Amino acid sequence: MYSNTFYGGSSSRPGPTGFGQQQPPPPPPPPPPQQQQQQQQPQQQPFPGFSQPQQQNLQPGAFMPQATGFAGSNPMQQMQMPMQQPQPTGFPPSHQFTGFPLQNQQPPSAVTAVTQQQLSAPLPNPPHETGMTSTQIAHSFAQPATPAVPAQQHASSGSKIPNMRLSFITAQDQAKFEQLFKSAVGNNQALDGETAKDLLMRSKLPGSDLSNIWVLSDTTKSGRLLFPEFALAMYLCNLKLTGKELPSVLPERIANEVSSMVDIISFAVPDARPAPPQTNVPKFDAPLMQNASAPPAPQQPQPQQPSNTQLLSQLTSQPTGFYNQATGLQPPSIVQPQQTGFPAQNAGLRPQQTGFLSNTQPTGYNGPRPPMPPMPTGYGSGLSPSQTGLAPLNAQPTGVPGQWGFVNAPATGLPNIEALQQRLMPQPGREGGFTTQGLSGNATIPWAVTKDEKKIYDQLFRAWDGFNKGFIGGDVAIEIMGQSGLERQDLERIWTLSDPNNRGRLNMDEFAVAMHLIYRKLNGYPVPNRLPPELIPPSTRNFNDSIGTVKSLLSQDAESRKSSGAFLQPQQTGVSYLKNHSFRSGSSTPGAGRKDATVFKNNDDAIGDRREAESLMERIRRVQDDIDTDPKAAFRITDSGAERRSLRRQLQSYQDQLPELASNVRKVERSIADARLELFRLKDAKAHPSAAAAIVGTGPGGTVTESDRIKARARARMQARAAELAGRPPPSTDDDGAAARRLEEETASVKAERERNDAMTRDVEESVKEFTRSLEDSLKDVDENSTREHERRRWEEALGVEDTIRDFIYDLQRASRTARVRKDERTASSQRSVSNNRYDNVSSNGDTLPVRPSQPQSTGSPSLAGLTHQERVTSAKERAQKRIAERMAAAGLKPNSDGSGETLLERQEREKREREERRKRAEEEDAKREQERQRRIAEEQNGPPVKAATTGKKPPPPPSRKGKADGVSPAETRKLGDLKNAAREKAEHEGKERALREEQLAQEAESRRLEAEARQQEEELAREREAAQARLRALEEQVRQGKIKKQEEKRRKQLAEKEAKEKEARLAIQRAELEAAQARERELQRQLEGLDEEESSDDEGPVEVTPQNSTPTQSAVLPSATTTMASPPSVPRPATPPAAPFEPELAFEVASATSTSIPSPESVKQRVAADTESRNPYFRKMGQSVDTQPPSFHTPPEQIPDPLSTTEVAPPPASAPAPPKTEIQSTNPFHRLAQQQESQKSAFAAAPLPGPLTRKSRARPEDDEWSIAESENSSDDDDDRPAGGSAKHLASILFGTMGPPRPLSAMDEKPESKSATPVQESPTVAASPPPPPPPPPPPSEPAPVTTLPPAVAAQDVEEDDDDDDENDFQDAPSMPPPPPPPPVPAPFADAPPTAPPPPPPPAFSAAAPPPPPPPPPVGGAPGGPPPPPPPAGDAPAIPKAAVPDAGAGRGALLASIQAGKGLRKVETKDRSAASVSGRVL
């Protein structure tokens, strides 16, 4: 049916399916007769030729009214058949139908009704619809409106508008236009001119504007509008109505969108062929929609029979009947000849004859003559009445499987075949991006290739095969098949099926097979796994059959020859297999009596012939040797056909890769262009954020449509209005069209650059193709025919010769190969030796080594007198390279030039000259060396120089250099009789060569040895340099380290000197303090003498002192309370020098000062001097301060009561806050001593030391919040404080970098020791210490008191001022007993475990101690009350003999303490005593 025609276009398939579907008689007009003949001839598969008379089924009734309107409306038909003009008026339609018995299936009334419909039906022919072209329609707008003539459209497939957005109108407007367009066109695809005019005239625009709008809208110039054109017209009307000017030319973007949508609609309509003749195709879909007002024209009624057989029988009979009845009214006898054309179809023709009775035909054919003119003109050219029925049957005998290329088109036609042809035709600028849209369908496609398909495919093939090569290469086929839009996998399978021989190219039949498979795939058929018989091309089938026939013939011939023995006969190829003429076998073979003309004309058995043959073979060997030894033998052309064929195959493989490379380049160019556009969009959006944010594209692919711009403008206006109302500045917005303009400019530039690159790529492709063609021409065997090739291969490759000759040829080839290999090896070695010797001659010190003459023949160049094959190839290559360089230069590319502009001939000549010069120089050097050698030999032997000259002639190297190539001259080799001379000369030549080789080998060995020695020397020098550099670096490092060490030593020396000076100053102060302390001690002893003491208390005192005696004496560490207690001047027991456990910097100084026994201050002075002289304590403190920690600070709280027990006898105890000092166990500040020595040293140096007996020093403890009055009341409060004011001050100075020590928290554990009367507790604890020591020495030894540090003396002075002995005594236990000084020079030594070291004072724990307290012997003196336990532990207990009434004094003191007398808290600077106390050295 004709539903797939564009505008009612080509209806090339009015098949039976269409007739079966349309039972009522449709009335569209017929196409011209010639075209209809072409269209209908291939349509009917069973009887293709019978479709011709189809036009005249119902013409008598259908064209009755055409008599009046036919002359004016269809002048063409009027001219064709003027003789039938008067006939239309006389034929009633009823008679016409009665004349066709086969049509009696319908009632006459129905036929008549249909006929009336046909009479009133308008013509769908475009010329009859409007009668105007596109230009006429445009001009009609400017003329007054005329009543429109309704016309009928042809496209009956329904208006199908693609789902595509037009960017120049809004979506709402597009929907409205679609609705209006569909209502106007109905089921058609296009809006005719009159209807479009009516619609456009409603806009009330002037005619000139409407004319311009029509010109701009009708882009196809077809006189009708498709939907995109109609939408464009409405858009232009809207522009004019809004007061804008119409553009003179459509913008490119709008034109592209409209044209692309027009193309989509056109491709969507199958078989779109918008040609005017095709508009006459009848329309079967809506016969009732025709307008009766249209003038009638000759129409082609369709048959009403449901049977195709009846239809065909009518169709075949009527043409002949009309043809014979062309004159008009004919008697029935005229109708009889109709049967003559169809003798085999009498069954179908006989009923039709009744319709042509004499009564009906004269009346029935009076009127219908107007439809007849097309038939004689269309079929009268080459058809006879008999041919119309049977001739097509003979010409088209297919429809049978396997008959390839002669199958008629199917009944449903071949949809989209023309669209496929248009798509696949060569078109510029169609690189890719193809889809199957517009090509796919679901039609019924036969396996075999139809005639129409074959015709179209052949046209495609010829269009692509521009050079008429007869085949299409792989690159072109890829481009053609890729345009179909199919998947790559399907195309690969189709190619495999189409190219069964894997030749990489397709001939015409194979191309048709590929296109047919593509067409089937587009219509939904799968690609088969192998070709069916219907699709095997005739050329391939015939060729395969021919090959099979030849193979069978050869096999049969071989079998027959083998069975009959004829295979031994000489064949036509000239190859002889006869063995009776062989050199090695006799005449025992069956063909002994026959002669083989292809071998020799002579008899091989004859002695003369055999000797002659052997002589010839020997001559051939010698000639081959001459050829091999010739200097130019290396350039002998050894090109063979096999090599050329391999080169051609390689060239073909490279040529096949070219399309893929070009395609990849184009793809990369497209991707680069897209990437550049995308990058520009991003950059533009970043540079103009307002424009980017304002418009958001809603069109296809995110494009910005006109509606988007309108919305953006409205939104911008609203924002500006809102900003104005709010008083804000209006937002800055970019021009709406600026972004689009920038994008268009960038797109244009990118497109231009891409086009330039594409042109460059095409130029490169053309250059490569031209180069390929030149190489192919050079590789072709132009000057060799088959005979010469056969002869050459026969004697060079030993094909078709006897075994003896074949073995001889193989021997010659092996000898040639061996000689060539040897020559190549010698050439390479000689070139190396020449280069090495030349280097040695230049670099050696005068003694040159003999150089073996080079072989010029190894580097000779071929003569170019006659260009050989290789030279032709080289010349072609140079020409192609030159052309490529020129094209690249024209394209702006810089070719990679080697810098040498010389041609091949010039380069060869230059190389030849250089070789000659090198050879001459080498010969001259050889001659000089030989003369020098002969001269030295002559001088050594003292012989005449003539002898040297004679000896010099013996091995002349220069002649050997020339003679190497000419030693065995070709003339001598050609003389067969001079074999001995040739052999002798050859032996001499070989001897010379051996001598030269030996000499060269010796030279090479010597040169290698020299090179090895040179390399070894260089390596040794390099190693020595590296060693020297390493030594230099080591020395530099040593010097640097020595400088650093010297600086450190100098710094240490300066520090030691400074410390020594400071120590001397401190010692002087300490001596003054000791003197003051001694005076204080004497005064206290006098006080103690006056006191009444109980004996028990006197006894207890020494008991407590004894265990402390065992501990190493650290009298300097005893608190000041002990000094108050030691009022009797009794001499204490000799005790070990006290060690101050607290002050890290002053520890060793105090230790040195108090290292001697406490009794004698002189010894203390001597020891201090010895310490200062012997060593610098800071060096030892660095290494040992961390390790040596005084155990006194870690004494458990249980040991605290021990001093309390001794304090019963001692003077009043110190203030209550002292006990917490003794209780600090875990906070030993000496743990961090090593890290804080420097800071403590500076702090101690800055801290002021109290004077020995000044009141100022005694008043300082009270200033430090240790008042005497509140000793008892503030004992608990003192636990919370780290120490007295001076302790805090020192701690802040000495331990500023450290956190507050833990003793603050640990002091809470000793509240009982702070009690005002610790004497009662002390006896209980005193039981634990060891028994009392022996009686103290006489009181005449108060020396130990003098050993107390000045700080202790100051504290004693303070105690005297306060007169509160009990408080003083209580303070004694608070004093930390300094640990015994270790023998090591460390500032603190561990005390022996036997003596419980008294707890350290809180000042120790809290901060650095003040200056060292007075020595502990005062507290331990027996004359007075017993000193507190810490001093007893630090110093030896003073014997009771020291004080005459020591026991009584102690008892009185104890009684007063028991009576409740409060002990004054004496601010004994035990901390300073501990800090000053040093280790015993």
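All residue numbers here begin at 1 and follow the chain in the order shown.
Quick reminder: no glycine exception, Cβ is built from N, Cα and C everywhere.
Not measured: the values here are computed from a predicted model.
According to Swiss-Prot:
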type	residues	note
REGION	1-134	region 'Disordered'
COMPBIAS	23-34	compositional bias 'Pro residues'
COMPBIAS	35-56	compositional bias 'Low complexity'
REGION	271-386	region 'Disordered'
COMPBIAS	295-304	compositional bias 'Pro residues'
COMPBIAS	321-343	compositional bias 'Polar residues'
DOMAIN	453-542	domain 'EH 2'
DOMAIN	486-521	domain 'EF-hand 2'
REGION	722-766	region 'Disordered'
COMPBIAS	751-766	compositional bias 'Basic and acidic residues'
REGION	816-1065	region 'Disordered'
COMPBIAS	904-939	compositional bias 'Basic and acidic residues'
REGION	1077-1445	region 'Disordered'
COMPBIAS	1090-1102	compositional bias 'Acidic residues'
COMPBIAS	1106-1125	compositional bias 'Polar residues'
COMPBIAS	1142-1151	compositional bias 'Low complexity'
COMPBIAS	1262-1280	compositional bias 'Acidic residues'
COMPBIAS	1343-1355	compositional bias 'Low complexity'
COMPBIAS	1356-1369	compositional bias 'Acidic residues'
REGION	1458-1481	region 'Disordered'
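Cβ atoms under 8 Å from those of the compositional bias 'Basic and acidic residues' (751-766) belong to residues 658, 662, 665-666, 669-670, 672-673, 884, 887, 890-891, 893 of the same chain, restricted to positions at least 6 beyond its ends. The helix, strand and coil residue counts that DSSP assigns across the compositional bias 'Basic and acidic residues' (904-939) are 36 helix, 0 strand, 0 coil. Taken through DSSP, the domain 'EH 2' (453-542) splits into 55 helix, 4 strand, 31 coil.
Under DSSP, residues within the region 'Disordered' (722-766) fall into helix, strand and coil as 36 helix, 0 strand, 9 coil. Summarising model confidence by region, the domain 'EH 2' (453-542) averages a pLDDT of 87.
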